[in-house]
Structures are given as C-alpha cells and as structure tokens.
C-alpha cells in the first residue's frame, strides 16, 4: 500500500468501494421515483421540470458522488471499515461541501428563487392518484431504503430527494365544529412576518388557515390571483389544477407566465413562482382530470374555468361530504365576472364582521322595567337594537355583574334600554362597563343547482345597475350553453356569435314564466359575447381578492360569507367611441385578450402612456404587476416612473408580493421595478428612491409633471396624498387614488375638470384623549399604551438625545435654555441631569437598580401620591364624586420577583438602559432566578406623599409642566449643576439614544412598552393585553391583507382604461368602497367639482389662469380689471406683494411681478421654472369677494 501525498495517513482497500454504492443507489432511486412520478404524464409534462432537475442533480448531488468516486478510485487509499474509519467521513464531508457550493452556484442562475421564511414549504408535482395531502406527506427522508414516499421539491420547486418538514409546531390548534382540518399540528405564527395580517384576523383565525388545504382549479389569470392571495395568507397547502397549456393569450392576465412558458402545462408552469411567495405553504400541481374523490382532501375548492354541469356535480359531492367542503365557482369573462359560494347546508360564522366588541362606560342605571342605562357622553355608543351585552364592575346594582348576556333595545347616542326588570335590584351607585357579546351566525346555503333556479337576493355593488345581476345570471348560463354546444367561446366582434348568445339568453328568460325580464338588453349581451373569452387582469385582480377572502372565511369562520351569488361588470370602462370589428382582431401579442375587449387603439394608448406611481408598497406592487400585464408604458417613448424612499422589511413580505426575504433592506422601488420588468420585459420602467414633496421639486419638476398621462397614488399617509393631489390639480393630471384598512378598501378618481379633488373633502381628525387622562386617569388600554409609548420615547430617545445635544455643544445648549426660560426647558434640563448625574449607569447592576426604581416610581409612588391628593371619597367643587365615570380609582402595585410580569419589566428596562450607556448585557439576565437575586439587592427607599404636589386635571391642558415665576433662576442653577457634572465625564462621552422599532421581537422595545402599559392597566383594574395586541396599538400598525389590496388595485385599473382613453364623462367614472368582511360593495359616480361663476365666466378648482408676457404689477391689475375683477391684494407664498391699502405699494406698479417675487419675497426661482404663481384677492363691482383661481405669471 502506498500513501497519498496530500493525505499521507489515508490508505485504500477494496472493501471501501462499498460506500459508493450506499450513496449512488440512493440518487438512482430518487431519480427512478422522479420518472415514476411522471410515468402517466405526457412527454411535454416531463420535459418541463427536466432542466431544473438537471441543475440540482448534476451540479449538486451528482457532483458530490463523482467527486467521491474520483478520490477513491484515483488514489491508493485503504479503509478497513468505512463505517468506523473517520477518514471516510472526512472525504464525504469535503465532497458534500463542494456539492453544496455548486448547488448554491447554480441557484444564482435562477431569478428570484424561493427562500425559506417561517416554517418550511415545498413544491410538489402530483400525478393521477398522487393527491393526498394528509399528515403522512409532510415529512420525508433522504434514506431511500426506508422511504416509502419521496417529495419532489427544491430551490426552484423541482428537485430530488429533499428532506422537508412542514410540521414545525408542537402546539395544539382549535378546530371549528363541522369543519374539516388537517390532522397535523399547525406551524407557529411568525408574528414579524404576519403582524399586519394578525391585526385583521387574530391568532385563532391564522391557526385555522395554517391547517387548511385548498384546491384552485383553472390557472388562467383569475386562478393565479386567487392562489397568490391564499399563499400570502399562509394556508397550509394550495393545489393548482389545470389540464391545459399556456397560451400567449394568457400573458395578459397571469403574472407567473412568461413567453418561455407557452406550451407548458399551466399548473406546472405556475408552481415555482407561486412557491416563491411563501415557502411555508406547500404548493402542488395536478395536471390530470379531476375526480370527485380528489376533493375530499381539501377544506375549500375553487373552480375558475368549469362548466355548470361539472360544477353542479362537484358541488353536490362537497355538500354531502362529512364534514362539508366549501365550494366556490367563479368566472371572469371580459368586463363581467361572478362568484358563487356554497359552504354547506349549515355553516357557522364565528365572527360576522371582525370588529372588536363595542363597549360603553356606565353612568346610571334606573330601577325600572325596562331599565334605562346611561353612559358617558364623550363617545357615542355603537350598539344596535337586539345586541346582547354583559355588565361588569357595577357598584350597587350587583345583580347585573353575573356575566349573563342581556338583550338591549332603543339604543341612542348615550343610552339604551335593557330588556329586564330591575325594580327589585339594588340601587346603582357608580362605575360599570357594558360590553357587546358577539354571537355566531348559522347560514343555510343552497346547492348550485337550487341556486341557479332560485338565486334569491343578489349582493349589489352599483345601485345604478339595480336590475343588472339577474340579467347577468341568465347571461352566464347562456354562455355556458353556447360553449357546450359549439366547444368554443364567441369570437370577439362576431355579430353572428353575439346573436346566438342573445337567442339562448332569450330562451332561458322565456322559460322563467312570471319571473322573466322585460328586456334582455341585447346591446349589453353583445358586449358580453365579444369579450367572453378574455380574462382581463383588473377583473382577475378584483375577483382574486374577493374569492381569496371567501376561501379564508370558509376555512376559518371569520367574517360573513358571500351569500350566494355576486355579479359585477364594468361596461363603462369601454372606450366611449364605437369600435369597429377589425379593432378586435388579434395581433399575435401578449395583449390579444385585452385587445379583444378594448380594441387595438386603446391598447396603443396604454402602451404610450407616461405613468407616475407614487409608492411601491402593497398597493404599489399590485399596481406594477397589473400595469406590466396590461402593457402600460411599454411603448418606445413611454415611461413608467415609480418612486419610494422606503426599504423592504420582513413584515412587508406577507402582502407586498414582488419582494422576497433576500430583498430585506433593499430599496422597495428598485426591487419592485425589477420584478415588474421580469413579468413584462417590454416595460419602460424607471425606479427612484425620492420622497415626493416640496424638497424634491427639483427632481419632479414642471417638465416631469407636464409630460405625465396619469398619476397613481400608492401611499399610506394623508399628507403625501394631499401634496400629490395639489400637484395634479396644478398640472391638471388625472389622479387615481386608493387605500386599504384591513378588509376595507376605497378608491377615488380625481379627473381634471370632471371631479372634485382628493383634498376637497377630508375625514374628521382622529379624537385624541386629553393629556390628563393619559397621564393620570386612564380608563382603557389605549390610554395605557399611549402613555407607555410616550414614556419609552422620553426615557430612551428624547432624554439621551437632549443629553448628547448638551455634551456636543454645552455653551450653545445652555444659551438656548436660558433664552427659552420656560417650563419645558426646565423640565428638559432636569431630565438631562437625572440621566447624566443622578441615574447614570456604569454597571449592569446600576441598570437593574434604575429599572427597579422606575417600577416603584411609576406603579407605586405616583399612584400613592394620586390617591393621597384625590382620595376615593373626594368630590369636585360642585359636589360630584371626583372618581365618577369614566375615571377609575387606582391601586398601587407591590413589586414581587415571583411575578413574572414584574421581572420581565425589569429585564426589558435594564437591557435597554444598558444599551443607552453602552454597557454589556450579561447572559444571566435571561435566567429568572439570577435576575431575581440581582433585583433583591436593590434597596428601595420608603415613599411619603406630599401635600404640595399639583396634579393636572384640566382636560384642555396641553402640557404637564407648569410654569413658575422663578423658572429662569432654576434654569441657571440647573445649568450650573450640569457644568459641574460634565467635568466628571470622559471628553468623548455620549449616550446611545434608542428609536422605537416595533417589528423586531428581540430588541425588548415592545417588551418594555407592553410591561409599562400592563402594569399601569393593573393599577387601574383595566384588562391587560399581550405583546402582540400592544404592538398593534402602540406601534400604530395599520391592519393590512393581500385580498383587499388586490381588490382596490383592480378597481383602480378599470378606471385607468377610462383615464387613458380620455373621452369618458363624469358619469362613466366610479368611486368605490368595499368591506370584504361583510361583504359590502358601494360603487358610485364621483362628485363633480364646485363651480364658481362670474359674468360670462366660470371656473373650478381645476382652473389656473395664465398671464404671459412677463407683465408688470400694473399690467396684471389691468388684465384682471378687464374681466370685472378688482384686485386689492396679491401675495406670493406668505409674502404680500401688493395691497391697495398701503400707499407705498403703489411704487411697485411698474415693476415686473417676477422681480417683486425675487426682491420682496426673497424667493429663489429655480432655473427650470418659467412662471411664478400668485394668489389674488378680488372683488366684483358690487364689492363682493370673488374666489378666483391661482394666477400663473409667465416671465420666460
């Protein structure tokens, strides 16, 4: 035996060859399994995943096998027994690592490959009988000898022999009665990822979703949208079924297809990209004919391209299954769509609307029959007649504190009647909370066969189309007959096909007897026939959102289901001018489906449009996807500009579907633009990271705005919306506005000269609790959390920042404090001294001491002082009890290391205090017994309340700091003390302020805020909340889900057709509001702008008067006078250029207006600006004020 130079201690023996065959047969068996899986499929079906499998096998596992074989056969090594010889494992490890490196290398060849998020997921390709999704499918082994079932999965959704588990939770989950859930344990909820969705659904609903298996049949645009929304929601599995192949026609509505997918099976072509959306969801493809028995593995099934005969058969099976399977049939045909839901003979809705139970604070209860209950008058009651309520915390009439639900009636703003005789009850004294009891609701669904004959009441969306649903009910049945008879859809532009469809509809109508319609509207049916083959992207987005939400309802019992038919159309989106049949002719392009509805002329307008999308979050991602599919801004000279100054966070991934977890930290607009470009490579898109506002008007200058076709807002704050609204008003550009809040969404069309602008009407400001209520007299958890957030920012951000400001420039800081000499300055200085002197921390034990003292101050001493100043029997100056509703009498807390919540507060506070001072945090802080021992070492001094303490009780007070006559003297003394303390600090000493970050559960921020709020709630006997609920309130998290976002953007894109066409009337546009929880759809025409008239002129907010020729002030006044307007004041911004009451202003009459702006207003006019805008106040000849438009004075 000879030695190998690089491995001198390794020797070869013939017995060692056996270990090769322990690896190679495994890979061969896996490959055989792969072939067996596709043995019943066509060659085309097999070839599609072959490329991905080749990369995985050859570069990954295959390379490792070849490398080991090469080592062992090329060198004279000798292993006496490879199982015990460590040298075998050395080679195996090295070869495996090289294999892994090559696998990672090849993964870079794919664009946007899926990565793991929460849990683990996989893509599965299913054959004829391979559709079981039960628990046994969830775990696989790479040990081929012991494996009975191997998953086909991988980085791209198609790999070999991966070890995958989707069962990462050991917790139990609740099961809704009569709902079939998978028997596996549900995975844990990733609260960072799903925080916005949890704010809508809650944990229990999310757990039910995580246990639900869903089938989506039909993978044209509508099916893909539904699947996307369900995958983002986090259901357990989604099985994609489609027997057809991708056509170029499909690319106008399905965002997962590319031109390279044409000819491939739709389901197989969809798996990989849909898997990228959420790797915690199992994505499966079924390409063979679906049987009724296949349906038994699912909690809900959705059919998007199924004829009525087959649908009736499937529906009957689902209804009769035990427990019933939720059945949904939906279609999009051009600008028409429908949904039918059947969740079984008896379906229980656990939460009808998803709203928090309403509450009221009681002020009085009468001893009557019925009893009259009065509540505080600071908030209107939101109860309804017939609601059930429970009472608690009532003093005196204790009989009502029995938690028994009681029905109420005669609900008014601040009172209601109780259907109970309280004559013999005790007398009401004080206090009490009344809380709504939400009741489950049982719905009895009809079968599809029954509902077709007797549909009952339709859910309306547009009350201007009151009679439309029943006509569409007949039209969709007629289309089903047409397709079954001819084997195809009507041809776009074919009058013959349209007449045939009209004839079938007429026959169906005649068979209805007395229920028949007087008119079947041949014109509408003709439009229906022309576009019936097309699945338009905006319609797919709308119904993808609606149906996705219905599936969530079916799987969870959360929200009221659609009962049972819903029809929708948007005929008003068609071009105003009649279309020639030749306009519908296919151009062999990806937009042919859209052309078959709108014609080629509008398609060309869409391609040539210059569009500005402001924001690329949830709404922005949907818009960019929609625009790419619609062909917006794909012309050579067009431009789609998207801007967003934000970066991607983990919480975005549950609804902003163009982002992946490896994009976290990257600019949203850049990543979204790249993803949109991958959907349609012809998209002329530019991404920017600029905030749209006054500070970026050099970026978004006059030329930019003037060249736009339309602006689309995808913003999440009102101020930014108002700014963009003003820009669109100024440059007279259409603005398409939308927003979402949980399951609710709204859209508003702002069209030049046709509608009012966004800022014309505003919501009332959100009611704020008085400062004294938040700081001394809270009566709900919101008050406690508001206080907690304020204390967090004061202790950890503002005070350290103030200290740093002083340390950076002591002289300047001291001068500013002396100049202010107010109560706020005094308070700031006291806090800085406390931070740098009295409570300065040098060790972690100091931080624990500080935290323990804060607990004592907040929850013990302050409460003792408060109830000393205002005892429980205190009265006001009018003799009314001070502690009457809504005030709650507090009790001080006694600290105990045995109380876990007390200890958690200390842990969070001390860790964050250490972070501010740069003190290392020891590992033992996570061990309760060691932390408790450290806390026990803290000596807490006794506290005695003082008589001279003033507590603010005025609800109108805006500050707790009270001014005094000697503020200036106190400030000087504090500054002197601060100077002395600074000399004891190192020269470069600085604190590290902490900015609140709600979406990182490891940073202790929410732990501290939840601790502060719950301890305070405990003081005042207010129900406490968990950290997640605290995050929603204190973090001001806006609830958001993918379904309402998809619905809103789909509705906006229907309006985009009209805005780009440019010939629609105001009555053709639609504003909308929807609440998918109820469900409720309210669609109406926009409100026209207010018109001002003067003489023979009239104008609206959209008008801007232009005065050209670089006029002087005298010439401008003359220009206005010629129109019967006497100007008495002209201003630029906040500067007055001219006022008729000031004699000296007459000296300016012969000066250029532009020069006055430069010299008087001291304004720097940008080089790109060709005019200045002035506001003119005018009177008519009768001295009546006249509001005129903005006047633009052109000087270039």
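Placement of Cβ uses the backbone N, Cα and C atoms for every residue, glycine included.
Any TrEMBL annotation is an automated prediction that lacks curation.
Checking the ranges 89-113, 114-138 against TrEMBL, the transmembrane segment annotation falls on 89-113. From the options 15-35, 36-56, 57-77, the stretch TrEMBL describes as transmembrane segment is 57-77. With helix defined as DSSP H, G or I and strand as E or B, the domain 'Ubiquitin-activating enzyme E1 C-terminal' (1069-1191) counts 22 helix, 47 strand, 54 coil. If you average pLDDT over the domain 'Ubiquitin-activating enzyme E1 C-terminal' (1069-1191) in this model, you get 94. Long-range Cβ contacts of residue 772 (active site, glycyl thioester intermediate) within its own chain (separation 6+, distance under 8 Å): 952, 953, 954, 955, 957.
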